Amino acid sequence: MNTLRGLFVFNLIAFAMAGLAPCIQLNDGYNIPILALGTGRGTIKESETLDQVRQAVFWAIEEGYRHIDTAAIYGDEEQVGLGIAEAINKGIVTRDQLFVTTKLWNDKHARQDVVPALRESLRRLGLDYVDLYLIHFPISEKADGSPDNIDHLETWQGMQEARDLGLARSIGVSNFNITQISRLVESSGVRPAVNQFEVNPTMTQEPLVTHCQNLGIAVMAYSPFGFVVSRKGSQAPPPGVDDPTLVALANKYGKTVEQIVLRYLIERGLIPIPKSTNKGRIAQNIDVFDFQLSDNEVATISRFNKNIRVVNPTDWKDYPNYPFERD
Ligand SMILES: NC(=O)c1ccc[n+]([C@@H]2O[C@H](COP(=O)([O-])OP(=O)(O)OC[C@H]3O[C@@H](n4cnc5c(N)ncnc54)[C@H](OP(=O)(O)O)[C@@H]3O)[C@@H](O)[C@H]2O)c1
Ligand SMILES: *[C@@H]1O[C@H](CO)[C@@H](O)[C@H](O)[C@H]1NC(C)=O
């Protein structure tokens, strides 16, 4: 145990010195960097442009990010691709040093729609494969946004076809709950490599995290900052950025409260996806591999849990396969 921990710490230090995030191995053998740049459009300010996504992706790669998270629905795959191309053209990285994640939208859940949808994403990204392709939500919608009722076991077959064609190295899911993960694994016999869902100090998700980790499914933590950063239109539950417990930890380690929150997720074995289009904050968010929180400190942060979601798509609550609590 001590040797393993020592080796782990050694690896963390070695990667930190190179400015990179370490990797963990997925259940299909591929390696995934344990921190990704988020490019989701959910938190953007009015003034933010799509071109800022291109810029952010380029800056992130310059800073040592090797994992970028996007999705067809974000409408920014083209800009993500341009940022990647710029970094490759300037000799900062090669394609095989990068890990690119994108996602299938809800209106492409029919088995025969999956491969064409991924081909469209690849065309926009300017890539010939993605490292990880995720079913974005377990619900399905018709093109007009009305509810559809496609069983995601069928979608999962399409995902396996995409993988078998080499268009995606790894395949996984997002926003699947415990029941849905169990059924997918038991019925198909093919474990998703990843489940991506919300985890942060007000939504700590212990049951779902444990369930996935017990099955060897890696967890990507979206909206990692929770309500520590300001969110438009929501009554922010604690902890905020001025929370005394978080501020004390930040002072102890010489880090910001946001870095403490990212490190909290990393200590739990999760892969946080902080979104920023600001050069300084992009750099700050990957500068979390030169310190560690103790088990007690992790437990202290977990006690902030309120089961309150940043992403709470209640408009879908009457759709088949809605994964969250309905009230
Ligand atoms: N699978 C899904 O259904 C799903 C759902 C939601 C999100 N996601 C993914 O997860 C990513 C992250 O989630 P999110 O965008 O909801 O939230 P987030 O990363 O928790 O928060 C982003 C917000 O925090 C600010 N910020 C970033 N770093 C900061 C720092 N160091 N100090 C202070 N403020 C900071 C950003 O502003 P600036 O840009 O101005 O720095 C932005 O307003 C998304 O971009 C997307 O890729 C996936
Ligand atoms: C997961 O979602 C399904 C479909 O809506 C629902 O029937 C089930 O109760 C949910 N399970 C959990 C653990 O929330």
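Every residue number used here counts from 1 along the chain in the order it is shown.
Each Cβ is built from the backbone N, Cα and C atoms, and glycine gets one as well.
In the structure as shown, the Cβ atom of Y74 (active site, proton donor) sits within 10 Å of 22 other Cβ atoms. The active site, proton donor annotation in TrEMBL covers Y74.
Shown in sequence order, A71, A72, I73, K103, L104, W105, N106, S174, N175 are the residues of the chain, 6+ apart in sequence, with a C-beta less than 8 angstroms from the C-beta of H136 (substrate binding site). Residues annotated as substrate binding site in TrEMBL: H136.
Per TrEMBL, domain 'NADP-dependent oxidoreductase' is recorded for 36-305.
Here TrEMBL flags 1-18 as signal peptide.
K103 (site 'Lowers pKa of active site Tyr') counts 27 other C-beta atoms within 10 Å of its own C-beta, drawing on all protein chains shown. What TrEMBL lists as site 'Lowers pKa of active site Tyr' is K103.
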